[in-house]
Amino acid sequence: MERSPDVSPGPSRSFKEELLCAVCYDPFRDAVTLRCGHNFCRGCVSRCWEVQVSPTCPVCKDRASPADLRTNHTLNNLVEKLLREEAEGARWTSYRFSRVCRLHRGQLSLFCLEDKELLCCSCQADPRHQGHRVQPVKDTAHDFRAKCRNMEHALREKAKAFWAMRRSYEAIAKHNQVEAAWLEGRIRQEFDKLREFLRVEEQAILDAMAEETRQKQLLADEKMKQLTEETEVLAHEIERLQMEMKEDDVSFLMKHKSRKRRLFCTMEPEPVQPGMLIDVCKYLGSLQYRVWKKMLASVESVPFSFDPNTAAGWLSVSDDLTSVTNHGYRVQVENPERFSSAPCLLGSRVFSQGSHAWEVALGGLQSWRVGVVRVRQDSGAEGHSHSCYHDTRSGFWYVCRTQGVEGDHCVTSDPATSPLVLAIPRRLRVELECEEGELSFYDAERHCHLYTFHARFGEVRPYFYLGGARGAGPPEPLRICPLHISVKEELDG
């Protein structure tokens, strides 16, 4: 029930004055009563007594004590009621004046639909609102409430969308935590393999050096033993010669021939033979380069990897990111880069210039596509699954195997081309010439050309489609073939 506009709620002035503290002249806050009967705020009387030697009542100066303070619950309740009524009176005054036209002081009973303003009856005749559509406040409020209900419904739907998006980010955060733990393990495994390779190579080189050292030490020991024996023989001969020189002349000369033959047969010392030192160059010469070249022979490299973040729910990418298999649909974390309408995925690299080539092992797969797709500038917002038609008009260039009336055959993504009459390849080679605008496909086993696209490709990524197996056997993988790595050595400069 509305109040009369002439009635203003609120306490009387005399009643309000009775509820004011005699110290701060504000309504009581935590009112207390002294023994003399006067009332004050607890904080006010306490501050007064802080500067007094002996506490007294601030009004009548009667002697008082902090122990005499008694909380006045009745007075506190009256103050609370006073403040509540004052607040209600302020709200009522604001409400009453907000419903009155400031210009004509009339009741706001109309609404101008053009200016979106509340009007009184006098405002309707104002030239500013001449010819405008005006209707009663009640009807306008009914119409606007209906619109607000529609807006409320739209906001609720938007809130649901926000919650759904939040759940997507929660799923992404959980996925990233699991993926990070798995990635950390895989990275450590790969570096452990490299460290193990280097450890084995280091030990092999150290063992070879130790063996050479041992062999040359044995040879040196043998030579030193021989020289020691020869030295002892010579010492014995010197001693014998000294004894003969002390004999009389006849005896000395009688042994001259035999002595000469004996001394002539003594051996001459051999010079130090070459190759006795450890071959330092054999072990330290270009050591890192030689180990690196040996490492290349044991490391498998591919021109690019499969990007698991683009793989549709049907596809499972191997741990080394070089093969993919269609195991049937499984729910994956939602992200805009992922294909959702077909079992497709992309390669990890983006090509926009230069020459590039890669080979794909297809084996006996019965449904596949291999080619490239133009990188969409808005793919971060919409993903790659915006179109169900993966053909040249949508920026897809590929060769695929499909099932026809007369059996399986190969076709291209260009609807205007006829089926390729050559046998279905088991290993496909793709060559991309960005500057020339050529994308060529070859049967890598038969070394024959299949088809060449001519177009302005722009930025493209390798594109793959892998259909499900038609039979009951286990699904076959599609693999990226490893590169043959060779090192060309040239003089610097």
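Placement of Cβ uses the backbone N, Cα and C atoms for every residue, glycine included.
Annotated phosphoserine per Swiss-Prot: SER4 (among others), in sequence order, evidence recorded as a large-scale study or a structure entry.
Summarising the annotation, Swiss-Prot assigns phosphoserine to SER8 (among others) and lists a large-scale study or a structure entry as the type of evidence.
In the three-state DSSP scheme, CYS101 (Zn(2+) binding site) falls into the coil class. The Zn(2+) binding site annotation in Swiss-Prot covers CYS101, HIS104, CYS123, HIS129.
Residues annotated as coiled coil in Swiss-Prot, with sequence analysis given as evidence: 210-251.
When averaged over the domain 'B30.2/SPRY' (284-487), pLDDT in the model lands at 87. Taken from Swiss-Prot, the feature domain 'B30.2/SPRY' applies to 284-487.
Within the same chain, residues at least 6 positions away in sequence whose Cβ sits under 8 Å from that of HIS129 (Zn(2+) binding site) are CYS112, GLU114, ASP115, LEU119, CYS123. Long-range contacts of the coiled coil (210-251) within the same chain: residues 259, 262-263, 266-267, 269, 276-279, each at least 6 residues beyond the stretch ends and with a Cβ under 8 Å from a Cβ of the stretch. Close to CYS101 (Zn(2+) binding site) in the fold, though at least 6 residues off in sequence, lie GLN107, LEU108, LEU118, LEU119, CYS120, SER122, CYS123, each with a CB less than 8 Å from its CB.
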